[in-house]
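J.: Look at TrEMBL and you will find A:12-38, A:73-95, A:107-127, A:163-182, A:203-228, A:268-287 tagged as transmembrane segment. Annotation source TrEMBL lists domain 'ABC transmembrane type-1' at A:69-289.
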């Protein structure tokens, strides 16, 4: 073993910076969170009491935690299918080189992706404002509504509104993934399809989609994990309110860890337990989708051959 | 005291300086003024970088000018950070944990001083102010209190602003109010007047402006509004800290389900149903809400005196009035109670890891002199009144600031501070875990329509708080504290009178 280490010492040396940074910013926080999750600790003082799985037991009987968990799932289910479908349609349209100004459209659709989330959140708060907000103004002018809608201030409309903004913000990146996937379809497949008079929707549905299916699984995975990381958008738009109505898991964890603004003491241990649980959920989602990707890839190979 | 220019003063410099001084003083309260820097009381480390953090607002106007002058005079750099409370709640604990905290900081609102001392966050500053006993004697009685800012005979917190203020008095657009037919300066609005005025202003606004605005996304606004309206209606809740703010000290019981609190919430719900509340309040915080006032988008807001200096300075064309918060229809039947001592959020603390104690002591000393307090009052005005009453007498303040300070004197009384009675109650405060659906959230939920049935919800809230308080007492006792819920009972308390040191 030492001989191998010596022989590849430069390779290992090259790995070192990555390992150190990964250790500091990825592995250490994971282990620290697992450690804190087993303690009753505010994070402020040295009174750190080992409680074993006590935090998890409390967590599983906390209705506010489950509500936040449910909202995270609703957010995931509300955003990913929308994002995937709309961006696929756009990608298929913009993949056509003959379409005029396709580059311009791609850039415009991609622009929100590179805009900071907090800026997007603040701008949309103004756009959706029931007082002089342009969205309400438009809806009123069109006669769709008779009085302004408090999109972010009503418990009924806050989640659909945030979901809508999220999809708009990240549509561009999903579209780019789809475009990359579409460009892997070999030209001869299109040519063969043309010879068989397979065009338009039929071509997309029966030829293109089966080939890009493995990418679809990967894109879904990326989008799903992204949809569970919505902290800055929700913080800048609603702060989790009104009355918990947009409090997803990350906001729950943050609020519990720092207890900002409501005078109560933080519960870092409890928040860490919620974080660990949530991490496992995301991990299982990832594993599940990795298996699905493998299966889809095997299926796509059969089609190509 | 020495002025910034330590050298001789030429005639030209004198004329220029005097002219500038007169021009600046003519700007009135809330605007930048020429400040002088006091002579140093300690040897100042040359070239040091000294850091200070607090919650800003009108305080920032004073500090930005003062620290610039001070840094120049002392040959050091001063970094002043003004952050909202929710960010202080993160920045300060993380800084302490990493030994990189600001030299002087405001404690996060969920950290009680006893804990900060016990956990080694802060250090005493007795050694950094020569003759500190004499200096402390210059403060009004009750400024320094064991268990609040003194521990084991040492001085930890700088209590330099007065507690005698409240953050939900009425600020209103004069033109709108006049058109609605009310004059709150002449007679405080009753609850019915308040609702009626909001309705009339909204009708007159025809969608361009609304009667009432509140930063509904900032939870504390809901609890403060209901609490203060309830207190002025005679709910007899006292205290400032998280455990006893809504407790009637005569009985030791929470008053969440009192008729006054319930009526105050029902009034807010009724105004919401009338359509006379600014749309979108649930997604705006307090600074956003109050920014709509000078724009003419809302007629009334229940906020604090810190708006006065800000608006007068930044929106001089905005004609606004200040008056008492709404009072019951039969007239004010209760006083507002504050805890004995200085204003806790403005109390400043010296980080234990700081080796710049001499600079902190130098600044603390100045802020605890009549000169420093007057300089403070001249700029901060009624927003964060100085703790020396005589500083207010000599301060140059606008008529609005004077009017609201007079109002504070009329309606505010000093109540018992349970921690003064038993300093071990600090451990209960430290152990208290407020219910997740706390007072502020409950009011927000009721006004937002997410919760229904005010009386039932407030009764349930009271039960939750009692459970949480009992748990905190049990934990503190288990940790060896000699405490009892009876420590929150002061049967001799008269809410209409100040509760003095002899009354404990």
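The backbone N, Cα and C atoms fix where each Cβ goes, glycine too.
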J.: Quick one: do the transmembrane segment (A:163-182) and the transmembrane segment (A:268-287) have at least 3 Cβ pairs under 8 Å, skipping pairs fewer than 6 apart in sequence?
T.: no
J.: Where among A:12-38, A:73-95, A:107-127, A:203-228 do we find the most Cβ pairs under 8 Å to the transmembrane segment (A:268-287)?
T.: A:12-38
J.: Flag the pair the transmembrane segment (A:203-228) / the transmembrane segment (A:12-38) as in contact if three or more Cβ pairs fall under 8 Å (sequence separation 6 or more).
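T.: Result for the transmembrane segment (A:203-228) with the transmembrane segment (A:12-38) is no.
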J.: Go through the chain and flag residues at least 6 beyond the ends of the transmembrane segment (A:107-127) whose CB is under 8 A from any CB in it; none is fine as an answer.
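T.: Answer is 90, 133-135, 152, 165, 168-173, 175-176, 232-237.
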